[in-house]
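First the structure, in the form of structure tokens, and then the observations on it.
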């Protein structure tokens, strides 16, 4: 059946034949009218119906291109006659700045690909699109649709207009005049109503253009978006939080001594202070490179700066070097910004003026900070503590005590950790005058009154991480207004709308900052080499803050042997060369903003920097898809944790008030601020520990689940934040209280949320290694529970770039214990969200603590325990799988199986994690043996060393030892090599008492704690006594005689031989298994090949039989036809001869009448003629059938193989 119909299109006397699918013509109706505008996108069916209504195209076609069609316009063009792309709008261009960036795709109608689409985006307003469609069979007729699709808030109203990020086009349209901007923006916003912050329903495009001209002077281009949501059109005082992902704070690309700009937005425009004199020449200038200053700039201000010098200060009155402070106070932005409805808590009426402080340290003799650990790309890729400010990571604490005291609750603005990754990647941070940080520190201070802190309460100061130096006071102004302001690296909730500061708006100031520095300050910032290559393109150009997105980067990369890496704002991640010119990497986690992206090699940077974007998620509404589900919002999750604990505490208070169970223990300390920095987990742990002794309650009612919890339990939230100590404490609570259904519902490692994600899935997706290992050791079944998309935790960890976490869990999964860990069995889980029974309660290990490091906290008697590493200095390599064990000794491996499981040497060389308990007391099982699998590799290496150190005379086969000990010692005095190579044995024997053993400590024949362990020199002296003449007379009987050395050598050979045989046996077994697999696969291959061959032969035979049969039929029909034809010819000949033959002689008497004779002949003739005609018709019909059969046989048959 023909599936395509031909349609002729008459086009100015040209007839064009178009083949369209018949199904398409049948299912789509013809449109009598083309709408001139539509404020929504057309469906594929509507587009196709417009394009197949060929008879109306002459009426609908536009003969000339329209200049700047308004929003919603639908126009039909003929691309051969009209250049429709020249419409007067400025569209987004590619990185070369020449060609327009277009997105192409094919569209389906009723499952058939018949449409082609080409999309472009406006360079001024990114929500304004031009979409062009045409039929694949008729590409000349193009349907063009212009539409502005604004981002919608949760309330359903349109968010404020958003402008594009930094690009080459932005520099062009910012140079336009007011009339040109009006001409561009007016048609874009046709038919759109915006909600404003002061409650008005409409806005004026003229106000918008005026605001653009005011906030973006015609100077160097600003580097971030001009967020127009920061004020109202009138005098409205409603506070506002812009939830648009286009409003960003730039994370600067700076060196350790370069400028670090952290902008703290504000909700209201500040009042302009008077203009002060310019910068004094005697003030020391900050050093920066052009690249760092340009990439750390933000949107500028329309007014000049207030510049005031401040006297240098030092701690304790001493002046060991000056600290010059430069205060740059920015002026207000214009009012009239458009604001949607605020969703967060309002704040008091502020009186702001924003100041930018440049602190230039000039102390060259400050003590250096402790060096940072060795750089590891996987550590930066996966660790939540470097370059990532959510998930419980350690942020940068402010260096000013006044600011610490005034630090107000704000988790969204808490990050500001641009110093953290740069210090980790480039070396130790510089020290300040009094031992704190030294260097150029840019920050923005909001000089608000202290009334803002009334609604929140003063929060306790957040302790700095252990490696950070003590803070030093540095007053910013003579009036000391810091104490009344907000924290320097944070602000109150909702204070996020102040337009960021732009250094690029002030070229004179930048020129002074880039000029020569004071001679006492070195300049470690490397200058870019002019030979750096250029990144031609990279995709995608943005990621969410959790990272893990695959990024492809194109450029002149051709060396396969080069070790490439990609640097995202000083966070280096490994990159692989997919093909010549294309690099692949996975972006790390980072805070929201624009960051620099650079390709580096072994020697240093290989390319110039480009801008990569981290976009914030919109968490005010629930994620609608599984792909957006495993994401994180600090503030919301921490609030959920506190709300859950508050519900449980209320429940306990109700039961205590009803007199069911007396409430025990002290009241929980109030947690005043929701989600401050590193101390939040510690405060929540204290709160949970205070609830444990008074939690002996049982109730039939369950906790109320609110909608923000997304079906996540308390353990889900703790795992998502990476709170390992909180998970530990919750497991201890679960082990104490085993009969509570409410607690089981909240603390169950097999519980799932709305998208079937377990707590382990959350920890793996967000890269929290310690939390993931704790949850895995708690219940291994969680590793095999997929989410609603069928993804397992390990696959999610791999796909998000958390490679080290996935390897650690795979290693733990391979080390399946032969004995079950001593976990106390809890009752089967009856949680409604989980259909699995869970064995999820760990028993209290000895002293009731669920310590992470109890198996590795043992130390020799009399020696202090190893100092724990601070959490900020621990690398991923330090966190071996065994270190994160929950105190349960692993099952012993076989002797020879160790080499496959541990290739990095004994675990005793790894540093220990800090103990999980707050009081720092070591558990009772601290002296328990370490992992048993250390012994095999030591025994093998010991045997090897013994064989190498044994003298050659001992190794001979004809060895005969002398009976006298003295003689044997005299013979061995020349064996200097033995004493030189036996030092390893001394260190081994020194630690052999602490190596694990398969017998319990109670079965040992002596008390371990009562015997003093000999030191290494003692062992060396004992072992070297057999090769030197020292102490021969006293210790002759204690040294190793020749026979003993021979026995030791034979034992070492036996061990080595057994190990080699075992390795050979394992290799032989593997080869036999491989051979069996190959044979089985080959047999199956041969069997399948024979089956396929037989099938092909059968198919050929069938086709041959069909061909023979058809040929025989045609041959038989042809033969019958020829016989019939010959018979007809004979009949005709006989009839003709019969007609010519003369009649019989005339008989008078017996003759018939002439009339009767004529009628008889006529009847005979008629019968013969009828027979002949019938035969001819039959022959003609058979000839037609034969011809049709021959035509069918002549056609190529697709199924036949020749």
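Glycine is treated like the rest: Cβ placed from N, Cα and C.
On a predicted model such as this, the values are computed, not experimentally measured, just so you know.
Checking Swiss-Prot for region 'Disordered' across the ranges 906-929, 930-953, 954-977, 978-1001 points to 906-929. Of the candidate ranges 817-874, 1049-1106, 1107-1164, Swiss-Prot annotates residues 817-874 with the feature region 'Disordered'.
The feature region 'Disordered', as given by Swiss-Prot for the ranges 165-213, 214-262, 361-409, sits at 361-409. Long-range contacts of the domain 'IQ 1' (1049-1078) within the same chain, counting only residues at least 6 positions beyond its ends with a Cβ under 8 Å from a Cβ of the stretch, are 896, 939-940, 942-944, 946-947, 950, 954-955.
Beyond its flanks by at least six residues, the motif 'Nuclear localization signal' (79-86) meets 62-65, 100, 132, 134, 139-142, 144 of its own chain at Cβ-Cβ distances under 8 Å. Taking DSSP states H, G and I as helix and E and B as strand, the domain 'IQ 2' (1102-1131) has 30 helix, 0 strand, 0 coil. With DSSP classes pooled into helix, strand and coil, the tally for the motif 'Nuclear localization signal' (79-86) is 0 helix, 0 strand, 8 coil. Look at the repeat 'ANK 2' (757-787): DSSP puts its residues at 22 helix, 0 strand, 9 coil. For the domain 'IQ 1' (1049-1078), residue counts in helix, strand and coil come to 30 helix, 0 strand, 0 coil, using DSSP.
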